[in-house]
Amino acid sequence: MVKHQPLQVYERQLCLSCLTGIYGCRWKRYQRSHDNSTKWECLWFIILFLTFILLLCWAFFWWSARNDYSEFNWLLYNRSGDWTDSTVAIVTTTAASFTYVAFLMILALCHIAVGQQLNLFWLHKTLVTAALLSTIAGLIYINRLWGDEWNTIVISLQSMGPFLHIGALAAITMLAWLVAGQVIHVERTSKCACTSFTLLLLGYLGAILCLYLAPLAITAPCLMDSDHLSPRPAVIGRRGAPTLAPENTFLSFTKALQQKVSGLEADVTISLDGVPFLMRDHSLRRTTDVDRLFPKRQFDGASSFSWAELSTLNAGQWFLRDDPFWIVQYMTPKERAQVANQSVCRLEEMLQLAVESNCSVLFHLRRPPLGHPRHVSWVNDTLQVVLRSGTPQKRVMWTPDWDREVVRQVASGFQQTSEEKLSTEALQDQGILQVYLRYNQVTRSDLREFSANNLSVTLYTVNEPWLYSALWCSGVSSVSSDAPHVLRNVPYPVWLMSPGEYCLIWILSDLISFAIIIGIFIFQKWRMSGVRSYNPEQIMLSAAVRRSSQDVSLMKEKLIFSGIYEDRLSFCTSHQGDLLLWSHACHVRVSLLTCALFSLIHF
């Protein structure tokens, strides 16, 4: 007599197939498993998680450093001698890697949520390893080349602290569904439930508690009452408006004045015959066509050229060729013609613009090398040009430390400015009224100390609205910017919130998060309380009653041949002997094979 079990119906699960297929290349039902993940795969999950965290920090660093992309490209130019916008490749690669690893991380968490065994495909393992190693190499390289930029992360964390806190709180609240499922599963199935339950639950509760109390350590500068907001910081055009026109050219300073800047900043170099002109780089290769007119001298210092030679160079065509700020495509033909006709600008020309617009001037002097005819008189040459230009002395921010006392005697009205971070006592002893520093070199306490001693602070280079807003709330008096047209569109801080308002948001967010987490744990407990066993194949018994034959795929789950084998074995033993026994055994094997093939076809 044949013994068999009833037909069973498999429910199609497209989402589960995609989940296990993309993550582990397990597209077939029989390839799935609800067994516990192996230690090897658990290790790969840890590696994936660490790669995700590392890439998250790496991506956040480059988001914070967006303010200084031009500076990074300039550092690379000084090392390689070729100008390229390397930030495009870095940011694109970082975004692609982070998106890919984050997607795999989500798939892994979904595997855990539905109880599927982790089994990362070998191709994913290779790519994750490549992403991890390349990110570590990038961190080491940036730390050596651009180590000062790490402070920008601290500033951005302080500036965006309240919003990052709410985002992290939302993320860890959503993880409650996964944690609750795992805790309840461990409690029901594991013999060592007590230890696993305690460790998992305590770890999650510890993270939740840290996030709930994180606002106690958040000191965002814009968490203040609007009544205490200082006046809007003045904006100085650093090398004019280099994102709109070639830097340190007459057109660049004109563009900056059109953006209502309060001052102009430039880099001054002395020519071979004593004419101060504006040039940032040591050589002329990047911003002029010196390689075309003086090919044998293209690597020589800019101060080794006479003014007659400098005046023949074009200082605008490189801007159209390299397009360092991706704006050439938006220029009109007239604007491109203006850019293409720019020449090297003298200091006297910039000063005339400053006088006409009644704005301040700030310049940095580069001393000519030893053996240069103006190696000794470089400060006096510049000073005489400033005095002859008719620029009001109170509008001049004088930065060179060389012969500062002599300059103070000749031009007592100059605003003596220091480019070094000194103590307030040292600055007052030297008669310095202003400090000019990079924005990540000062803290809020430093700013309060400078303000208490009547010292004005100018910070560079500030191009992003969020950074400008943070410095505004910190009480900075002025900033130097490559993008004055961007800061002009920031009439008020990007965000400003009183401590009372944030305290209310903080408490409400914590209460809502706590209520949601408790609700998730209760619901998960109720949902899993009636589940006594878990069928890994999601077999739906009696599904044929609910579905038509056209909507389901039928498969014979089991066919027990014990009855057939016993009856026929008895018959063979009593009548036909060993030969018939062998024949019936073969028949049984054929029947088994046929049934297996039938099952595979319908599977």
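Cβ atoms here come from the backbone N, Cα and C positions, even for glycine.
Summed and averaged per residue, pLDDT over the domain 'GP-PDE' (233-491) gives 94. According to TrEMBL, the domain 'GP-PDE' annotation covers 233-491.
Residues or ranges marked as transmembrane segment by TrEMBL: 42-63 (among others). Counting residues 6+ beyond its ends, the transmembrane segment (42-63) has Cβ neighbours under 8 Å at 87, 90-91, 94-95, 97-98, 101-102, 104-105, 108, 118, 120, 125, 128-129, 131-132, 135-136, 138-139, 142, 149-150, 152-153, 156 in the same chain.
The transmembrane segment feature in TrEMBL is assigned to 83-110 (among others).
The transmembrane segment annotation in TrEMBL covers 122-142 (among others).
Taken from TrEMBL, the feature transmembrane segment applies to 162-180 (among others).
According to TrEMBL, the feature transmembrane segment maps to 192-214 (among others).
For 504-523 (among others), the entry in TrEMBL reads transmembrane segment. Proximity of distant same-chain residues to the transmembrane segment (504-523), defined by a Cβ-Cβ separation under 8 Å and at least 6 residues beyond the stretch ends, is recorded for 162, 165-166, 169-170, 172-173, 176-177, 180, 183, 208, 212, 215.
Beyond its flanks by at least six residues, the transmembrane segment (162-180) meets 109, 112-113, 200-201, 204, 207-208, 211-212, 214-215, 218, 220, 223, 497, 502, 505-506, 509-510, 513, 516-517, 520-521, 524-525 of its own chain at Cβ-Cβ distances under 8 Å. Long-range contacts of the transmembrane segment (83-110) within the same chain: residues 19, 22-23, 45, 48-49, 51-52, 55-56, 58-59, 62, 69, 72-73, 76-77, 118, 120, 124, 127-128, 131, 134-135, 138, 175, 178, 286, 322, 324, each at least 6 residues beyond the stretch ends and with a Cβ under 8 Å from a Cβ of the stretch. The list of residues near the transmembrane segment (122-142) in space but at least 6 beyond its ends in sequence, with Cβ under 8 angstroms from a Cβ of it, reads 23, 25, 44, 47-48, 50-51, 54-55, 58, 61, 90, 93, 97, 100-101, 104, 149.
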